Amino acid sequence: MASNDKGLEEIPEGQIESNYDEITDSFDSMELKPELLRGIYAYGFERPSAIQQRAILPIIKGNDVIAQAQSGTGKTATFSISALQKLDPNVKGCQALILAPTRELAQQIQKVVVAIGDFMNIECHACIGGTNVREDMKALQEGPQVVVGTPGRVQDMIQRRVLRTDNLKMFILDEADEMLSRGFTEQIYDIFQLLPQSTQVVLLSATMPQDVLEVTTKFMRDPVRILVKKQELTLEGIKQFYIAVEKEEWKLDTLSDLYETVTITQAVIFCNTRRKVDWLTDKLTARDFTVSAMHGDMEQAQRDVIMKEFRSGSSRVLIATDLLARGIDVQQVSLVINYDLPANRENYIHRIGRGGRFGRKGVAINFVTADDVRMMREIEQFYSTQIEEMPMNVADLI
C-alpha cells in the first residue's frame, strides 16, 4: 500500500493502459498448490479466461494489481484463486479481505471461495449488513482466513477490533467503480487507513472513473495494470434476437406468446424500474405464470429466499432490475429477456453475459419498440455484435 499523488494524469479517461502482457494459458502452468488446483477443476473450470491468464500470476507474486474487466469474465475466480494460493491454512485470522458493493455479490464471492478452496481446509466468512451483528462478531472471532463483505459492515468490524488485520496479506476491491458510485468512498478510505502498510492491494473495476483512479494512486504501489478489452468479453455463444413490438403496452402479450412457444428451463427477465418489475410480476401471476421477482427495495432475507429458489430450480423465471444484474449468477439460465432495453449500453453485457458465460450457450431476446431502435443499434456498435430479428423456430435454439 502506498500514499502518493503522481501518475494520475497519465491515464486516459475511463480506461487504463496495460503495462503487463504475459499470458499463462493453463492452470497447470501457474504452479498452484495441488489441493487448490483440484478445487479449480472440481468447480468446473477447464482453462483460464482472458483475465485469469493475465492477472493470477502477478497477484500471486505479490504485486499490487489493477484489473479492468467487465462482469462475466471470471474476475471472481481470478482473485479467489490468487488469495487461496497465498493463504496459510494453518494460521487462523483474516489473511485476505475482499470488499464488494452489494450483499448479493459478497455472498456470491464467498460461495466461489468456499467451492474452489474445498480441499484446502480454509474458512471464508461473509461480513455483510442486514445480518445479526453478534453472530458476525462470533464468526470473525473464530479467525476465518478469508473475509468478504460490504464496506460499512467491514469498517465497523475492524474498528471494533473484532476483524483483526494483523495477519492481513491482501486487500481486494471488487467492482470498485460500483462501490464508489454508491457512496462508500469514505468507508473505503477509512478501511485503507486501518490496514497494515505492507498489505498488497488488488483492485477490479469495469470502468475507471476519476474517483477509482484516485484510490489507485493514493493506495497502490507501482501497480501492474491489466486491461481486458471489450472484445475479449464474451457475447460469444449467446444468440441475440429482437422482437419488434409496436407499442410498449403490447410487450405483455408478446411475452405471453413467447412463453407459449418456448419451453423455458430458466430465464431472467430484466426491466428498467422496480415498479415495472412489480407490475410485470402481478400481470404474469394473474395469467397463471409462476414467476419470482427481485429488486433493491426488498428485504435482504426475502431476496435470499428468492435467489435460493431460483438457483435450485424450484422457481424458473426471475424478473429483476439492473441493480441485481451483477449479483445474479445462475449457471443454468438459458434465456435472458430484456423486457426493457437497458438504459445504458454497459449494462447489456451484465445482463446477457449471464446466460452463456465461458462458452455456455444462451439466448437473449430484446423487446424493441420504435423508441428503442437507436439504443439497440448503439449496443450492436459498442459490442461489435449483431442482434437479429427473432426467427420462427426460436424454440429449437433454446
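Keep in mind that glycine also has a Cβ here, set from the backbone N, Cα and C atoms.
Straight from Swiss-Prot, the features:
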type    : residues                                               : note
BINDING : ALA69, GLN70, SER71, GLY72, THR73, GLY74, LYS75, THR76 : ATP binding site
DOMAIN  : 56-226                                                 : domain 'Helicase ATP-binding'
DOMAIN  : 237-398                                                : domain 'Helicase C-terminal'
MOTIF   : 25-53                                                  : motif 'Q motif'
MOTIF   : 174-177                                                : motif 'DEAD box'
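Counted over every protein chain shown, other Cβ atoms within 10 Å are most numerous around SER71 among the binding-site residues GLN70, SER71, THR76. According to DSSP, the motif 'DEAD box' (174-177) comprises 2 helix, 0 strand, 2 coil.
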